[in-house]
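This report refers to the structure that appears directly beneath it.
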Amino acid sequence: MIIDLHVQRYGPSGPARVLTIHGVTEHGRIWHRLAHHLPEIPIAAPDLLGHGRSPWAAPWTIDANVSALAALLDNQGDGPVVVVGHSFGGAVAMHLAAARPDQVAALVLLDPAVALDGSRVREVVDAMLASPDYLDPAEARAEKATGAWADVDPPVLDAELDEHLVALPNGRYGWRISLPAMVCYWSELARDIVLPPVGTATTLVRAVRASPAYVSDQLLAALDKRLGADFELLDFDCGHMVPQAKPTEVAAVIRSRLGPR
């Protein structure tokens, strides 16, 4: 079964040249600021399953998202595209490259969350289930501003709340996501590494101030062994929210992988 994703388009009309894949709990419009730095590039920015305005029905797996993204590219692409994945989106991007190498011209992996320690995942999920929502928007904003979004400009954080924070039936506030789906996706992040095919041009951006770190030495060694000269590692001085904290630099990386057309 192929599921249609809600897709935000940026840039001129026409076949997508870039596919962006967001992280767990996020949405396609999170790429809005980055897209402003690539105004002439047609970009497809979907909400993943269980996120935003895409369907919330199960299954909630990497494989289900890969199938939906492949169908999206079959409909909105015209040949291989540069696939940009942040965090969980980086894991999905690697699986997409392995499953449909004909659709992937290059990978840009922004602090990808791949093969995380299972105990760490359990702690994150326990905390998420213990405190799944917020008293008011101010509490939601404070959590992000003192966490992974600490080095993101305040107006960008404000736009995130305007788009993604919603009032819940219980009178509290939460993100526009399916909580059961998030539990499943965090579990998916503990899966073994799935590498892109040999010859896949790949840039991995490591957020050096992400704590705890998402990018492991195991992942870097595996990519380097598989891809050799086709693998590039860049270190950015920022926290985990790389596309929001460093949009100019990320846009330059994407341009370097696009090439002429």
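Using the three backbone atoms N, Cα and C, a Cβ is placed for every residue, glycine included.
Copied over from Swiss-Prot:
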- Ser87: active site, nucleophile (ACT_SITE)
- Asp217: active site, charge relay system (ACT_SITE)
- His240: active site, charge relay system (ACT_SITE)
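Within the same chain, residues at least six positions away from His240 (active site, charge relay system) with a Cβ under 8 Å of its Cβ are Ser87, Asp111, Ala148, Ala207, Ala210, Tyr214. Cβ-based neighbour count (10 Å, all protein chains) for the residue listed as 'active site, nucleophile' stands at 28.
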